[in-house]
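*Asks:* Sharing a structure here in structure tokens format.
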Amino acid sequence: MATLLQIGSGVIYSNALRKTLRRPQSSTCIIVTETTPCNKSPTVQRRSANYQPSRWDHHHLLSVENKFAKDKRVRERDLLKEKVRKMLNDEQKTYLDQLEFIDDLQKLGVSYHFEAEIDNILTSSYKKDRTNIQESDLHATALEFRLFRQHGFNVSEDVFDVFMENCGKFDRDDIYGLISLYEASYLSTKLDKNLQIFIRPFATQQLRDFVDTHSNEDFGSCDMVEIVVQALDMPYYWQMRRLSTRWYIDVYGKRQNYKNLVVVEFAKIDFNIVQAIHQEELKNVSSWWMETGLGKQLYFARDRIVENYFWTIGQIQEPQYGYVRQTMTKINALLTTIDDIYDIYGTLEELQLFTVAFENWDINRLDELPEYMRLCFLVIYNEVNSIACEILRTKNINVIPFLKKSWTDVSKAYLVEAKWYKSGHKPNLEEYMQNARISISSPTIFVHFYCVFSDQLSIQVLETLSQHQQNVVRCSSSVFRLANDLVTSPDELARGDVCKSIQCYMSETGASEDKARSHVRQMINDLWDEMNYEKMAHSSSILHHDFMETVINLARMSQCMYQYGDGHGSPEKAKIVDRVMSLLFNPIPLD
């Protein structure tokens, strides 16, 4: 393996870099003049997405410093952590107080410090008789239901039957109960009927009515309207965890009657400390990206190293996983680059050569590629082999066959879409989704993620991931694709691209665009039900529950990135720049 790594360095790398296309004066051109090994004609017409350059300056990134995360703050955080631990284990707390405390710790982003304690509390509670709480309090019942299901416990939706019997007599002023009921409904599985058909629509309508009634009122010191609007905008269970934490810290700090000053101070300091760690990681991957030369040389591709790092925070935010985040940022950036080669720039003949290169995985055949592809393939080759070398060294498993196959699979899926576009083929929705689950790139991401994240690698797991046999991966990939399609398909069709899920459904059924979009949104709901089912059945799965959670987190992250537009292609228009600033560059002020 060392030989493979050595081959992809030195002279070959330098020659590839020098031969790669130079940046033209404008990145919005449609006609590019060049001569390549596969095309002797001096003029090749190519598409352009007109992507804007990165708005993040590398040298500015290197200068970022978090003054709130000094050693003094780390010591202060650790002292507060022990105080919070004592509060969590306080036997004088009522059961509801304990559930609410756990919920606050999770929403404030500090529950990772107390995973063992929280798991013990919930496991013990799950085994006890809980009929008293079920009969008396909607908020308590719904909160318990959500926390149990979030942690993979199999709780029946029947706990809500006692409330449904008097559905018309619900206390509409019980806003806490309604919010808890609404949030609990998003933990439904494909086996549940009442949660989706009755409970969620009812709770949603009550919350909308509450907003309409109180939007111009001062509803107490803690702005309940803001909390309800946030929930309606995106249910907590679907939200990117780190972003939700940043919002909740501010909301929690507004409380007057029931906020815990120790907890909120602990959460603020911890947020800033973790942010400082993330900043250092971002500096490292930004430097790597500059060294590859890809952002400069492949002018037509999205230069999005900061956004690619942002994706990894959504998948796994805890400070101890810095190597995982940095490695996966590199994979994300390389996938973004080849996606744009297939979608925008390459001719069909060139793309076929590129796909063969991934199949062969042979650096000695580099010169068979068009000049602009050589550097890209070489960087991918080097990075993947480097990852495999580290895994062989630390975990004693050769993962090159699995990593290589994941790149071959995604390149073949990209090529299928290029052929569809070239031929004018319009797939039906099922045909489209079978390919799109792979072309969205998440199966490739998950194979690499599993290799660098898991302490103990299983060949059986690698084989099922490589063969696309894990249903939770299929569901997460589908949510990723559909969330992307809902906001990017108009721009992609305008520049010339294959039909997306919305257009496939319209063509297949004759539905209007509005109905097609509604159908896609329902597909996302159904996919979440399937993922929730897989999570509750994790005890019979060969996937470790921690890895399964990162798979689900990618679905959350995709809905964050595409909530208001194409957050990866046009981050400023989609509010992603503001979100990146809040998580990576703006520390929380401390009193």
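From the backbone N, Cα and C atoms, a Cβ is placed for every residue, glycine too.
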*Asks:* Would you identify which residue of R302, R393, R556 Swiss-Prot lists as part of the (2E)-geranyl diphosphate site it also attributes to D339, D343, R481, N484?
*Replies:* R302
*Asks:* Around D339 ((2E)-geranyl diphosphate binding site), how many other CB atoms lie within 10 A of its CB?
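*Replies:* Counting Cβ neighbours of D339 ((2E)-geranyl diphosphate binding site) within 10 Å gives 18.
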*Asks:* Under 8 Å Cβ-Cβ from N484 ((2E)-geranyl diphosphate binding site), six or more apart in the same chain: what's there?
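*Replies:* Long-range Cβ contacts: I440, S558, Y562, D566.
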